[in-house]
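Listed features, source Swiss-Prot:
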BINDING   HIS120, HIS124, ASP310  Fe cation binding site
BINDING   VAL142, VAL143, SER144, GLY145, GLY146, ASP175, GLY188, ASP192, ASN281  substrate binding site
Amino acid sequence: MGEYIMEKNTIILGIETSCDETAVAVVKNGTEIIANVVASQIESHKRFGGVVPEIASRHHVEEITVVLEEALKEANITFDDIDAIAVTEGPGLVGALLIGVNAAKAVAFAHDIPLVGVHHIAGHIYANRLVKEVQFPLLSLVVSGGHTELVYMKEHGSFEVIGETRDDAAGEAYDKVARTLSMPYPGGPHIDRLAHEGKPTIDLPRAWLEPDSYDFSFSGLKSAVINTVHNAKQRGIEIAPEDLAASFQESVIDVLVTKASRAADAYNVKQVLLAGGVAANKGLRARLETEFAQKENVELIIPPLSLCTDNAAMIAAAGTIAYEQGKRATLALNANPGLDIEA
């Protein structure tokens, strides 16, 4: 599983439509971005306070061809130059995933190009390989709107989830707390910005769970924030939103960083990779850097902001490994919203 032979200049076309970004990228050898085009739908979903699946799907239908053409143009290549097409098959919104999967199958069929299905979270993890070559064993802290997990990898293409959220993902908690503070969607960047202006003076819970557990839980924290705001309103007390944001963020980051640090020691890893949309959080990035600066034998890799949020370069990067390992999808490939990374 771990061994693969790198052919000379493998060109992979990546397609990502799992949520509210329509993205197509071209990546060389799994490490070099030739083109990376992303059409975001944030403006369309803002007024609803979250992603509306039906609207997301319609946007993907409108954008996919344009984004695909733009990526090929930016990379200055034709379909003849592509070794394989890598597409997100799951997890995600089923309607949104279908647009990308069907586009990938159509291109693969029309131009007789091999097809590879990619797990969305594997993509987030492999975004780090576009920054630096990964070394095994490694640990990835995946923090996004739908996922919060610690993934152990002993070799390429091998994923073991050693910790995951038991309820809300961290990104989900961020969005719900932002809504409580009347901030626009997506809430994460707004909370992060506000947190830097405040002080963590409000006592909020941290869910450590069992002593040896690497799992996460954020629903209690989210409820505590909502209750704090509600109780203050009832008593006519003014709570500084920046202090509440700072207190909430510190609670989330404390648990994420402590558990990642403990797992890195226990599994004796060479690298720790940050992955997922919440990886763009400045507070989290800073705390991880401080924590891992103290560990001599562990290298921390944090991708640039552009590779934290959903993009297709990461899907192409993960797809390169799958392609080189001989994995192929047939034209029966389907969207799988509940796809398991360990499968």
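Glycine is treated like the rest: Cβ placed from N, Cα and C.
Projection of Swiss-Prot feature records onto the structure.
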residue : record                 : contacts (Cβ under 8 Å, 6+ apart)
HIS120  : Fe cation binding site : GLU16, SER18, THR88, GLY90, PRO91, GLY92, ASP310, ILE315, LEU339
HIS124  : Fe cation binding site : SER140, VAL142, SER144, ALA275, GLY276, ALA279, MET314
GLY146  : substrate binding site : CYS19, PRO91, GLY92, ALA169, GLY171, GLU172
GLY188  : substrate binding site : GLY145, GLY171, TYR174, ASP175, ALA178, GLY277, VAL278, ALA280, ASN281
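Per-site Cβ counts within 10 Å over the binding-site residues SER144, ASN281 peak at ASN281. Under the three-state DSSP scheme, ASN281 (substrate binding site) falls in the coil class.
Look at HIS120 (Fe cation binding site): DSSP puts it in a helix.
According to DSSP, GLY146 (substrate binding site) sits in a coil region rather than a helix or strand.
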